[in-house]
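What follows is a set of notes on a single structure, which appears directly below.
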Amino acid sequence: MAVVRGHCALVNCILLVLLQESKQVKMKKLEKMLLLLSLLAVIAVVARSDAAALRLHATHADAGRGLSTRELLHRMAARSKARSARLLSGRAASARVDPGSYTDGVPDTEYLVHMAIGTPPQPVQLILDTGSDLTWTQCAPCVSCFRQSLPRFNPSRSMTFSVLPCDLRICRDLTWSSCGEQSWGNGICVYAYAYADHSITTGHLDSDTFSFASADHAIGGASVPDLTFGCGLFNNGIFVSNETGIAGFSRGALSMPAQLKVDNFSYCFTAITGSEPSPVFLGVPPNLYSDAAGGGHGVVQSTALIRYHSSQLKAYYISLKGVTVGTTRLPIPESVFALKEDGTGGTIVDSGTGMTMLPEAVYNLVCDAFVAQTKLTVHNSTSSLSQLCFSVPPGAKPDVPALVLHFEGATLDLPRENYMFEIEEAGGIRLTCLAINAGEDLSVIGNFQQQNMHVLYDLANDMLSFVPARCNKI
């Protein structure tokens, strides 16, 4: 999910066209001293340090929609395939790929994180993106924006809002940035951020106070001042998950972890068939792996995060070594999963992909092994489902082989609910389906396989750790 590369001249051309259609954006002047005194009186601000963990809550894009398990499986499978294609497209074209269109109108978004910006706080819900660093939300007055359920963030209503100048390094380091002119206001940092599906957000770079979740899931538990974000005024593309923008969690300088000066972040995704929110932590909570707090009830496994070099996909790479089905380690050369010097291949952990994607040859071996080791009849469906499914006799408990993913220094022995999906077809036919998709050369560990796993990204030591957990209890 790499940002599209370009030149300042191209940005200026884009901005000129947009400005011809825009009205002058008027920013309310801040009375600095008075506001600082007021701020100290009305809000509690936490220091940005490694010792304090900030908590967010994420909701799945399909939560609360009243969908059947069959619909959930279909939507997740199709989203994963569409996202995989965009990941490959983004790598080839040096273009960031999320969010994007979806063939039947279902969002290409998995999780939204909830927070608030400004003083007093204005709620936003942003796509959790582990592959980009810029955090942005739609702002008023918006010239060209997509629909959202929440009111757009209004800078004039925040006492702590500040527009950033274009001479800051954080502005100059953006792939596309320019000093505002005409109705933008001279000297402000104007950015344009493009996507592989031709979506684009354009606006100005700003800073404000961000508020995060409290213990009861409400916004307002902790606040952090002066976080940099994009105020999107021209946002064109297909955004259909009620998101207001994107929260960047990659290694970049503008990412949430980098700005908060935390060396790690973690999440624990609850079951997608439920509606409970999933906790996301910036920094390590004191009870990270405490069984009493739901944090973990197994052995903590760790594998190295691979620093990308020539790859254009700015994602979190790990080293997948092999796959075991039942008691059989499949005959797959490790080179199939390796990250090549030209940036092809490799394995990433991705918050934005639902189902794990494996190269087609590997996927076929996995399916063959399941068919050989499962004493159930393969279901030859004529429906839209493309997964390998088995018919389950009435009253029987599905008996399927184990599925194990082998990483460098770690083994992920998946619980059955993290790779099999139980559905009921018309006529009461029960099916159990393998929740894995065939892809191309890039392997992707999806969030369905990460359900009820506390996954920690240790950025300081380049390690990814995971342990089974009761995510709804954390």
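Cβ atoms here come from the backbone N, Cα and C positions, even for glycine.
Unlike curated records, TrEMBL annotations are generated automatically.
According to TrEMBL, the features are:
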type: DOMAIN; residues: 111-467; note: domain 'Peptidase A1'
type: ACT_SITE; residues: D129; note: active site
type: ACT_SITE; residues: D350; note: active site
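In this structure the C-alpha atoms belonging to D129 (active site) and D350 (active site) are separated by 8 Å.
Per-residue pLDDT, averaged across the domain 'Peptidase A1' (111-467), gives 87. All protein chains shown were included, and the count of other CB atoms within 10 Å of the CB of D129 (active site) stands at 27. Around the Cβ of D350 (active site), the number of neighbouring Cβ atoms within 10 Å comes to 28.
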